[in-house]
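**Student:** Sharing the record's features from Swiss-Prot:
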- 30-48: compositional bias 'Pro residues' (COMPBIAS)
- Arg120, Asp193: substrate binding site (BINDING)
- Cys160-Cys171: disulfide bond (DISULFID)
- Cys189-Cys253: disulfide bond (DISULFID)
- Asp283: active site (ACT_SITE)
- Cys357-Cys366: disulfide bond (DISULFID)
Amino acid sequence: MNSSCLGLRRTCFLLSVTAAAVLLLLLPRGQPPAAPRRRPPPAGPSRPSPKREARPAGSDVPGDRGGGSGAAGGGRGVAGSPWPSRRVRMGPPGGSAKESLELKDIFIAVKTTRKYHKTRLELLFQTWISRARGQTFIFTDWEDRELRLKAGDHMINTNCSAVHTRQALCCKMSVEYDKFLESGQKWFCHVDDDNYVNPRTLLRLLSAFSPSQDVYVGRPSLDHPIEAADHVQSDGSKTSVKFWFATGGAGFCISRGLALKMSPWASLGNFISTAERVRLPDDCTIGYIIEGLLEVKLLHSPLFHSHLENLQRLQGESVLQQVTLSYGDPENKHNVVSVGGVFGLQQDPTRFKSVHCLLYPDTIWCPNKKMS
C-alpha cells in the first residue's frame, strides 16, 4: 500500500515537472517579442538666433560722388541711387515691425544768432518752417520778443555768447542735444539758419532706418577724415584718433539710440568739456564722439548741402529731391541752386522762395505763373 502510494506521488511529480517544462517552451512562441524601448535622439548643439545687424543695405545712404565738399572715396553708400536701396524696418528681436516714421518724430534744431533774426530766420519762417513748425526749435543767444511771439516755447535762449567762437558754438550744440533728449522724439537733426530743409525728403530718408539703430548721417565738408589728439599718456605723449564728421553747415541727423550712447560725453554740459579736451568746434566734436569714441561710422549722404560747395551744379528737378540746401555768403552771392523759379534773382537771391513754391505751389504768397 505504501509502495504504491509512493509510486503514484513520483509519477505525479514527474508529470508536473514535464508539464511545466512544456509550458516554458511554448510560452515565448505564443507571444511576439517585446518591442525595444526607443530613446529620444540626442539633442544637437543649440544654434544661436541670427544676429540682427543694425545696418541698412549697402550702408543705405548713397556715397558722395560729387566733387569739392563731398567725402570723396569715403562714401559708404550705393552709387547712382538718390535713396537707400532697401528700406530696413528693424525692430527688437521677437518684437513687432518698426512703426512708420512721421514728421512729428523728428526734432529739427536750427542754430542762429541775434543778428540773423530779421534776415535769415524771417526767410525760414516764411518758407520751410511753415511746413514743420511743430518739429522746429530755434536755438539762439538773445531773448527776442518778436521771435518769442512767433515761435513760442520753440525758441530756446541758450544764454551762450553771440561771438562766433568754438566755445560759443559748442555751448549751443550742448543745449540742442539736451533739449532733444528731453523731447523724447526719435531723431535729432541739426541745421543752420542758412539751410532750407525739405521735410518730405528728410522724412523719406530717415524712414529707411530705425531710431534704435546707431545712425549718424550727413555730408562731410572735407574729402578726408580729420585727426585729433585724444589722450595724454603718462610720459606726456599724446594719442590721436582719426574720424569723419558731418559739417553742421549742411545739416546732419542722429538717431535717438545713438544719441543716448553719446550721453557720457555730451549731456548736461559734458559736450563742452569734451570739445575743450580735443579743442574742436561743435560739428567736429559730434563726429569725434560718434566715430572716434563710439566707433559708429558716418553715413555719407549727398542730399545735404552747405554754402561751402558749388551749389550751381544743383539744377532743375534734382533740387527738389535734396534734404537740405544753402546759399553763398555775401562775398559769393551767386553761389545758389539753379532752379527755374517763380521769382527773379532780385526778388529771391537765395532761391529759397522759388524752391518752396515749386514744392508747395498752394502757398498763399506764391505767384500763379513761373517766370521765364
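Quick reminder: no glycine exception, Cβ is built from N, Cα and C everywhere.
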**Student:** What is the interatomic distance between the Cα atoms of Cys357 (disulfide bond) and Arg120 (substrate binding site), given in whole Å?
**Tutor:** 18
**Student:** Considering only the recorded positions Arg120, Cys189, Asp193, Cys253, Asp283, which residue has the minimal Cα-Cα separation from Cys171 (disulfide bond)?
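**Tutor:** Answer for the nearest of the recorded positions: Asp283.
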**Student:** To the nearest whole angstrom, what is the C-alpha distance linking Cys366 (disulfide bond) and Arg120 (substrate binding site)?
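**Tutor:** That separation, Cα to Cα, works out to 19 Å.
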**Student:** Asp193, Asp283: which of these recorded positions has the highest Cβ count within 10 Å of its own Cβ?
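**Tutor:** Top count of Cβ atoms within 10 Å goes to Asp283.
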**Student:** Quick one: Cα separation, Asp193 (substrate binding site) versus Asp283 (active site), in Å?
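**Tutor:** With distance taken Cα to Cα, Asp283 (active site) is 15 Å from Asp193 (substrate binding site).
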**Student:** When the Cα of Cys160 (disulfide bond) is compared with the Cα of each of the recorded positions Arg120, Cys189, Cys253, Asp283, which one is closest?
**Tutor:** Asp283
**Student:** So, three-state DSSP: helix, strand or coil for Cys189 (disulfide bond)?
**Tutor:** strand
**Student:** So, in DSSP terms, is Cys253 (disulfide bond) helix, strand, or coil?
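**Tutor:** Going by the DSSP assignment, Cys253 (disulfide bond) falls within a strand, counted as strand.
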